[in-house]
């Protein structure tokens, strides 16, 4: 290519890089704002948008998750946009490095989920169970989200009914568990919940009960497997965008290095 053609190609890619990262920056700011809103006033968020029904979102604090993702997108968008606009090799290299680290982390997480599901379950249990014991029955929005999930997905806790032992709900309701843990129109006592979770003794009145509730983690895994094509497509799309961003940033970096 002639020098003019190379310059025109560089200018086009530079503009696309700026616009792409500006969109990422604005998206990050939006997610950060929504995350702060959910963390500060989750009830009004639920009142406007309705109860969150996606079961995957119940194993994390939605507000903090959005804040983290929004902050990361803000940083990436800022680095990419400013790096391209100012033609800064330093910023472009930092942008490339950050995206590469995120890409590697996503690959590692996918491998862990697919190859070591038990390890992932142990990690989530250590992370989520203390939150359930601390917030369920006390934090209204948190409780509503979990109730909606358990009723819709027909599950109980992350692992089983014991995740709620010691929670504010458990203490305020005479040491009973949430209704979805028993799927019965009677108080969900410890012995009844144990029977429903597959204990050694069958329920005294089996005709009163529905399916035995499982932990939500198992149900989430089943939903992911059921929608494997959609999940895989979204993951592949995100990975493709990340690879494209790294290629473009490295192209700009190498072009500036030759100037």
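The backbone N, Cα and C atoms fix where each Cβ goes, and this holds for glycine too.
Those TrEMBL annotations? Automatic predictions, nothing curated.
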Using TrEMBL as the reference, determine which range in 39-61, 62-84 is annotated transmembrane segment.
62-84
Transmembrane segment per TrEMBL sits at which of 12-38, 120-146?
12-38
Among the residue ranges 91-116, 169-194, I'd like the one that TrEMBL describes as transmembrane segment.
91-116
Lying 6 or more residues past either end of the transmembrane segment (91-116) yet within Cβ distance under 8 Å of it, the residues of that chain are 72, 75-76, 79-80, 82-84, 235, 238-239, 242-243, 245-246, 249-250, 252-253, 256
